[in-house]
């Protein structure tokens, strides 16, 4: 089947219908795109249609035409007709909506439904259906549609919101082809980025503007001794280009006097003055006081690349005592609430400090950066995301700002990295005792050799043989020692032992490697036998509900919560707390599954209820047919983390999930989970 978007299909149809030559500029005007875009489309169509014996020819200053016999032309028409009437409609609607949004954002006049229908070659009824999606998109960006009978529609709203909406459109429809690595090449004119994706909506900017804006951002980093993340570099590029485009169209932002005064007191304001001066000189543009505040607003929200930070002085100009105090509160809260001690994790403290400085400013001034990974973060790191949701309340109270889900996702990434650093040695390395009676010098040398040759092991202690035997006999240490490496023979202890020379020989290395491989395989086997045990420990058979029918998630939450209340697991307030928690961030975790949970103060005893639905229900725009409702005290750190891992493994194993959604017998349901 021929898969073409509406623009390319229009070009093909125009060529097939024409008996002569078509001009590229006429196609560009009709489709409201640049001539370069038309040429790119034609080059694509040339190679795509050649295998069907359809040959598109073109000559400069002459035009474009098609060469093919009538049978091949008819076969191509048939393929186009099939595309018109099949499942490609969903893709076509998305393409049409993009076109309508772009046209509305770029227009100062009212546009009628008939005008859109004529331009898109569809009926007014189809346009009206498309407009429902378009209006949702417009409203999501704090803009409105002004409708006037017989005159059409027009987008209305604040200029700052217009610019944010345009930035969002660009994010959704343009590849990130600009990055820090390409800048030097760009200035040498050996790399010219394709700006057609930007010019699609920014009609008053081109390649020169892009080069100048990149030079300005490059200078910001060099002059202020900072390195931006790729995302921040891209965001600044886009917002500066949008500003240039809108000013040239006579559109200016406005700030309240109080906001302007506050912005002018920041360090970034002096940077913005320099930026504005360069833009005025390079692009011959008049930039007023409000636009300088607009530049400052975006400089306040940029993210510094933490990996480029060489010393404290480089970063401290952006830190303040208030943020330091709040981070200490957050880390103490995580330790007390989740039994997770991250106090000594300097990478986490630095990462959060850098992130909060920019995030707080973004949220204060409404320039929050887009997080394209949010769904993956929630699905892959539910434990870290839940911690981030809880600590976001502390941030909200401390800085009087609402923390949006995108920012919570970024915080979760910092926390997940810290959790993995915290657990790496404990979970992955083999806990090893070294026994050496030849003195501390020899023992330390042996320890260094082992660390150098075997990163898989963690040397927990260097002990004498008597201390080793004494520790193994105690209940406290039983099972905690996985391997003993000793320079002297040891017998009759229930721990694997490798006898080595004080200076490790090649044969010693082979023996240790063999034992490490055996222990690793044994651990993997034991882990397989423990499948979903954490979830099993908090699940009761009478609280697994199969083939249920609910109209919505509120009805489901209230039903299950009442069952948990009757069984003594939760208080009456629990259901309301689940729905309140849902307002902070949706608990949809992917593949038709959700994991709602309430606040622990309303939990008497931890429990998980599993609900399988006959028909899916709406869960914040997603269809859900299996729900894990958690009544948990999440300060049970290890249990909560392992529980989330179990649920995540089930949800992401499509074979398991498919069976769990289809089974109507509770015994079979539990058997699939390995609980029978």
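Placement of Cβ uses the backbone N, Cα and C atoms for every residue, glycine included.
Annotated in TrEMBL:
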DOMAIN    204-309  domain 'PRD'
DOMAIN    318-425  domain 'PRD'
DOMAIN    430-524  domain 'PTS EIIB type-2'
DOMAIN    537-676  domain 'PTS EIIA type-2'
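Each of 204-309, 318-425, 430-524 was scored by its Cβ pairs under 8 Å to the domain 'PTS EIIA type-2' (537-676), and the highest score goes to 318-425. Mean pLDDT for the domain 'PTS EIIB type-2' (430-524) in this predicted model: 82. Residues in the domain 'PTS EIIB type-2' (430-524) partition by DSSP class (helix H, G, I; strand E, B; coil) as 42 helix, 20 strand, 33 coil. In terms of DSSP secondary structure, the domain 'PTS EIIA type-2' (537-676) contains 61 helix, 41 strand, 38 coil. The residues of the domain 'PRD' (318-425), classed with DSSP into helix (H, G, I), strand (E, B) and coil, number 84 helix, 0 strand, 24 coil.
The DSSP breakdown of the domain 'PRD' (204-309) into helical (H, G, I), extended (E, B) and coil residues amounts to 77 helix, 2 strand, 27 coil.
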